[in-house]
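Lifted from Swiss-Prot, the feature list:
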- 7-11: motif 'Nuclear localization signal' (MOTIF)
- 25-436: domain 'Kinesin motor' (DOMAIN)
- 112, 113, 114, 115, 116, 117, 118, 119: ATP binding site (BINDING)
- 155: phosphoserine (MOD_RES)
- 160: phosphoserine (MOD_RES)
- 542-618: coiled coil (COILED)
- 572: SUMO2 cross-link (CROSSLNK)
- 587: SUMO2 cross-link (CROSSLNK)
- 606: phosphoserine (MOD_RES)
- 625: SUMO2 cross-link (CROSSLNK)
- 648: SUMO2 cross-link (CROSSLNK)
- 662-680: compositional bias 'Basic and acidic residues' (COMPBIAS)
- 663: SUMO2 cross-link (CROSSLNK)
- 666: SUMO2 cross-link (CROSSLNK)
- 681-693: compositional bias 'Low complexity' (COMPBIAS)
- 683: phosphoserine (MOD_RES)
- 685: phosphoserine (MOD_RES)
- 739: phosphothreonine (MOD_RES)
- 807: phosphoserine (MOD_RES)
- 816: SUMO2 cross-link (CROSSLNK)
- 847: SUMO2 cross-link (CROSSLNK)
- 860: phosphoserine (MOD_RES)
- 867: SUMO2 cross-link (CROSSLNK)
- 870: SUMO2 cross-link (CROSSLNK)
- 892: SUMO2 cross-link (CROSSLNK)
- 904: phosphoserine (MOD_RES)
- 920: phosphothreonine (MOD_RES)
- 949: SUMO2 cross-link (CROSSLNK)
């Protein structure tokens, strides 16, 4: 009869104790691979069981002092070249499997350069199984008799497990297998001969203190991270020979407990080591490997084999699984085989191999960055964000580094000299990883049911054996009683035999009683001795306890003293922090004030330099102006005197000819050798002054009349016309216009119309006219042909065949003198591909087609005026370079501080006093406008829209 079913005890609330605050560092182990050839150079040396030395091989660059560098690195354990897989498993993986069975997570990954033995360490080889098959063997050896039936535990898509009853599990088995209920096999399943040698069943390994009142289920999954994409290696995809499908990548998600998992990953329930390793081997065949220059079978992806152990307690009767989802404990052990870091200059990778190597190195670099940030946060107390999401590898195992299990790393090292630089980087990463601490996982919660429920229904006393009990042995030692039937009165044998037997039995009883008394006395003596020793121990313990209490009281006093001292120091620190804050604020204020003073000094210095440049420019401009004015006046005076002398000479010659010769003859051409030899400097125009309207009219009429007569070039064969007649003729033509022109009005006219004034001066000079002191226009008798000859003689000869192509790109010579001042204008000249020089030279001109000179002078308003003089560079006949100036650009900066009042036009007609002026009338002045029609092809026009206002009678 079964006992009544007891109530299930609820899961107690876990109080955060001191255990949750404990942290363990990441366990880093090192394994050295044997050399492929005995005569290879080695750069790694094992010092002891925890120290490894790395020295620079021959042929590498020496240190500054000429010695080879030797560096030692410490690990939790160093495994030499002769270490077996069993020794490595017992030290590294055995504790992780034991924690897995007790409900704790674990992470084990191998790290190293390519060809260092990571895959061998994790998987193994025929006859020498690696860590993975040994972990599976230990798990099934520990929970083999406590496993639940298949499909009792069922996984869902949310990284959790569900419990099914026996009936649902049976239906699920029949549905999936489509077979009747299978019988328990009489013998174990035979392993695949391809990997049978890797599973060594002779080496029995089992975890201790396995919970016998729980049932277990094992689920395995196998994924790979290839080019930062996650692929399921256990996914069954139907092969289509016509249109094969590429494997679909999986995504990472977060469950309700903030644990990361691969969504849609296949989880296979296994019941034995052979079955689990067969699933692993099926996925291993799909893993991406390739042949490289350094490794014949190089892993091109990171592989993750996860073992998920699900355990649930039995009910109060010990017959079935407890149907409560909250009581399920899920623990996971992830075995990660990282792809090796490699250098492309050694592997000679190209194409896809190069892309794979880049992604592998990038993910490993992200792992290293995460470790460095974790170490920095734990060492300095910072709160920097750990970049887990930069790589799928680190994002998947984020929970392990945040305190969800133990983390172990095996650093595989190849001791050959060619891998020295890569091994050095691996050692540095291992050094950083050892300093990272991970929170210790919490122990599994006890369900609260009575232990030993599994064996409660078995017969009391356990199984009966063949050995007799102690009371039966004692009874069998007595002699048996003889038969007591008396068949005859004279029977004398039965009674004596019975008496003899009873005497023997009585003797044995006395012996046993004596023995019992002796044993009782001995037991009493032992009990007294035990009591005495116990009292002595109690006294000793009491003495020790008193001593400890005294020590504790002393330590409490010391703690109180230290706490008071700590409070005092904290108060001092707080005061110092406040003082430091005040000093820092004063320092910032002083720095800001210093910066403002520096800026002010810089502005004053720049203003001073600008003022000096302005004054220097004004002085230079004034001196040049007066120098040019003096030269102009001297040249004008010389020219006037020469003209007067020439006129007098001509008159004297004519008079002499008239007096000496009776007949009029052809006058000889005067000698011009003196005038040709003497070069008359070009006079500078006088300062511009406005002209009055009357003077402008006179000058314009005079220019029209002056332009009418055309002087022809004289030759020796011309008619005999006297010079005096020519002079008189010109004087008669100029007599109506000989009114002197006001200098002030002429200057004003030139200021208003500088372009016209320049044109007049040039045209007058070409016609042979010059301005005298009386501002009279005197014609000279230089011919047009002479002017052309003089012009051709003064210009630089330029060959026509050296004309530059207009389609070719031009290059400039940017001539900026060293005395120029840097302006702060927004608009700055920008010439690409220009050669900037401070002094023009032939080398720079030979390379360019354009020339520009930046000239600065002081304007009338006191500001700096920058002129950019542009020109074309040509080759001369002599092999040199010449510049023909073509354009001038003026850059000027002014302040908009002028008067808002419009200045009246100087061309407004003067009105007599007392009359109203139409020029000042608003209606009259606004009746004229410049207008341009929308859509018109013509330019702006001068339009008149309104009638001027009538005058009052």
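Placed from the backbone N, Cα and C atoms, the Cβ positions cover glycine too.
This view paints the features noted in Swiss-Prot onto the structure.
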| residue | record | contacts (Cβ under 8 Å, 6+ apart) |
| --- | --- | --- |
| 112 | ATP binding site | 118, 338, 340, 341, 411, 412, 413, 414, 426 |
| 116 | ATP binding site | 33, 340, 412, 413, 414, 419 |
| 117 | ATP binding site | 31, 33, 412, 414 |
| 119 | ATP binding site | 110, 297, 299, 337 |
| 155 | phosphoserine | 161, 162, 219, 267 |
| 587 | SUMO2 cross-link | none |
| 606 | phosphoserine | none |
| 625 | SUMO2 cross-link | none |
| 867 | SUMO2 cross-link | 854, 855, 856, 857, 888, 889, 890, 891 |
Can you tell me the CA-to-CA distance separating residue 572 (SUMO2 cross-link) and residue 847 (SUMO2 cross-link), as a whole number of Å? 75
Considering the recorded sites 572, 648, 816, which residue's Cβ sits among the greatest number of other Cβ atoms within 10 Å? 816
Any idea what the Cα distance is from residue 816 (SUMO2 cross-link) over to residue 115 (ATP binding site), rounded to a whole Å? 64
When pLDDT is averaged across the coiled coil (542-618), the result is 93
Taking Cα atoms as reference points, rank the recorded positions 160, 648, 847, 860, 870 by distance from residue 114 (ATP binding site) and give the first. 160
Nonlocal residues around residue 870 (SUMO2 cross-link), in sequence order (Cβ under 8 Å, 6 or more apart): 850, 851, 852, 885, 886, 887, 888, 889
What residues, ordered by sequence, lie under 8 A Cβ-to-Cβ from residue 847 (SUMO2 cross-link) and sit at least six positions away in the same chain? 811, 813, 835
One residue among the modified residues 160, 860 has the fewest other C-beta atoms within 10 A of its C-beta, namely 860
Chain-internal residues, separated by at least six, CB under 8 A from residue 113 (ATP binding site): 340, 341, 342, 414, 419, 422, 423, 426
Looking only at C-alpha atoms, tell me how far residue 115 (ATP binding site) is from residue 648 (SUMO2 cross-link), rounded to the nearest Å. 114
Can you check what DSSP calls residue 112 (ATP binding site), collapsed to helix, strand or coil? strand
Across 118, 892, listed as recorded positions, the smallest other-CB tally within 10 A is for 892
